[in-house]
Amino acid sequence: MIIAPNIILVGPMGAGKTTIGRLLSQSLGNEFHDSDRVIEENAGADIPWIFEKEGEDGFRHRETQALYELTHNMDKPIVLATGGGAVMREENRTILRNGGLVVYLYATVNQQLVRTSKSNHRPLLQTGNPKATLSKLFAVRDPLYKEVAHIIVETDTRHPKSVAKKVWDAIEQHLKLENA
Ligand SMILES: Nc1ncnc2c1ncn2[C@@H]1O[C@H](COP(=O)(O)OP(=O)(O)O)[C@@H](O)[C@H]1O
Ligand SMILES: O=C(O)C1=C[C@@H](OP(=O)(O)O)[C@@H](O)[C@H](O)C1
Ligand SMILES: [Mg+2]
């Protein structure tokens, strides 16, 4: 049996990091953590409030602390969903790359748009043209997701369960090759 190390999901808003991460953790029996939830718990406030009061810089500072905490203070391997901007800081990319097996959940801008339109809890998308914002962010961040990832998985399948299965198959394949 293959024992998975920390599995760290990166990718744009709406790629499904939170949803797929939770499903993956259920099938592996590993604890699930979401850096956005840890940031909110540590701050005692939600993400829109943090952005409003502390700006994006304040949020990014908290995000670095949460990523460090989650990759250093756990005694068992976990599944970690990150926020879409977690790759922006170089120090975060080092934390992520060294913190476990990094999976880039890829989604097209149109998929990101559809999937993020169900919620208004993403401050960066509270703009007149969320599609243009997602496109701009994607142009900057896609190379960074690729830089940090060990594996890339397309999330084009409609059902989160089949994406979670695809992710696990890709991880197994990667670990088998690594141990061959
Ligand atoms: N493969 C998928 N197909 C369809 N909808 C999805 C898929 N993955 C996630 N979703 C939906 O998209 C929304 C955003 O997912 P979420 O997990 O919050 O993304 P992220 O954490 O990457 O921003 C949720 O409503 C979720 O149910
Ligand atoms: O892309 C980003 O910069 C952000 C993505 C969000 O997480 P999700 O990717 O889980 O939506 C959250 O961290 C915050 O709103 C900022
Ligand atoms: Mg999320």
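The first residue you see is number 1, and the count goes up from there.
The backbone N, Cα and C atoms fix where each Cβ goes, glycine too.
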Can you tell which of ARG115, ARG141 TrEMBL lists as binding substrate with ASP36, ARG60, GLY84? ARG141
Cβ contacts within 10 Å for ASP36 (substrate binding site), all chains included, total 24
Around ligand 2, within a Cβ distance of under 6 Å, which of the binding-site residues GLY16, ARG60, GLY84, ARG122 show up? GLY84, ARG122
Kindly assign THR18 (ATP binding site) to one of the three DSSP-derived states: helix, strand or coil. helix
Within 10 angstroms of the C-beta of GLY14 (ATP binding site), the count of other C-beta atoms across all shown chains comes to 27
